[in-house]
Amino acid sequence: MRNWVVNHWLSFFVLATWLGLNVFLFVHAFLSYEKDDKYYYTREILGSALAWARASARCLNFNSMLVLLPMCRNLLSFLKGTCSFRKCSLRKHLDHNLTFHKLVAYMICLHTAIHIIAHLFNFERYSRSRQAPDGSLASVLSNLSQEEGGVYWLNPIQSPNMTVIDVTFTSIPGLTGVIITVALVLIVTSATEFIRRSYFEVFWYTHHLFVIYFIGLGIHGIGGIVRGQTEESMKENHPHRCAESFEKWDDHNSHCKPPQFEGHPAESWKWILAPVVLYIFERILRFYRSQQQVVITKVVMHPSKVLELQMNKRGFSMEVGQYIFVNCPSISYLEWHPFTLTSAPEEDFFSIHIRAVGDWTENLLKAFEQQHSPVPRIRVDGPFGTVSEDVFHYEVAVLVGAGIGVTPFASILKSIWYKFRHADHSLKTQTAGHAALNFDKATDILTGLKHKTFFGRPMWDNEFCTIATTHPKSAVGVFLCGPQALAKSLRKCCHQYSSLDPRKVQFFFNKENF
């Protein structure tokens, strides 16, 4: 446990800081709207639902500011490039960008639910105060809409015949709120594991509703349904002095005048402007790179509906374990799909292996199977880094791939083979000789047969125990590209077999995320 805490202290710190800021922003906003005299009369109608709505809105803005940053892949690649493996612990934690993106999205959903529920109570109380009997404070406050040209109103339901539905669909905050909510529901529900794996196109297109979400969020506060007393009005009608004598507000001899109200200024755009601009630059850069010509040098159709593409692109430079986004305009001009590079950096081309598992990949295979048709045009964006980039920084590396998840390690094994052949003494990994020898032989090194030996699921406890015994003072990198259940088992073994003494064997778990 101590080793796990030491290896993940920065993740703990980031998570704790993020949660702490959410709590601070919520509590600070809640107390401000619950105690501020500016909203005294607003609270007379809405009660604590006002504070709940505004506090959740503050956290919504904060998390909407953060949610795009983990998806700025060029920024993350730049940050990783500035960090050496040992001197900068940030490098490893940047690979958790998708996890953080999901956590922020869940927090947005939570505060959206709170915000909507609070406003449902607000609209109900607005409607009730409009129907309140004459002479009550709520009734007096709701009838202020006709004074001073109607600009200082408090209750958005300005006539007994106006309904909550009318306010919702005829005001900017109401209409944009509905649009934002629908977009968010579609984005989140289509991002489930099942949808992403089985219907990637659905995930891809609905996830781009984030554009509508951010536009709606930026203008959501315009028109300010939530209103507070103006500073000038506070001087003439301070609620502590005048609230109980509201019956005399219209009396010319009274020292208390009818209060005047103004909408809360829109502030969401201030939170999201910087990350949106940064993300726009990110997409411009990716668009520019995607327009560079890609030359397909070789096409190989493998068994089990797997397509291999070998390509060249001017200025393309890669490291082991990286991935690219691929687009085929003849199939879909907008869809980009991530694929791990299976070539080695030492080769004069880069390659990917594509298994037909959905409509897009099925159509891609069919396009390349048509022998008498021109080769489809391919656009490439990347490469982008993953945890597998750090494999050669470990003295011992354990590579675990399940199904098509073996593709990240094809690049690594090829690179090891090249380094072994060229006697690359900079290779730190000890196991390189055995892996390269097995790769280089036409027959299996264990059986001597042409058909290589394939092992079943290993006994992980035995494997980790053997590695810990054989390499008692080594840093062991465990790399996985596979299902979550397997990740859970490997992560548990890494914790269990790491020594409490930091000078002895330490297992570091790394999982591919796209």
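Using the three backbone atoms N, Cα and C, a Cβ is placed for every residue, glycine included.
TrEMBL lists transmembrane segment for one of the ranges 167-190, 311-334, 383-406, namely 167-190. As a summary of secondary structure, the domain 'FAD-binding FR-type' (286-390) carries 20 helix, 39 strand, 46 coil according to DSSP. Residues 5, 51-52, 54-59, 62-63, 66, 93, 100, 103-104, 107 of the same chain lie 6+ residues outside the transmembrane segment (12-31) yet bring a C-beta within less than 8 angstroms of a C-beta in it.
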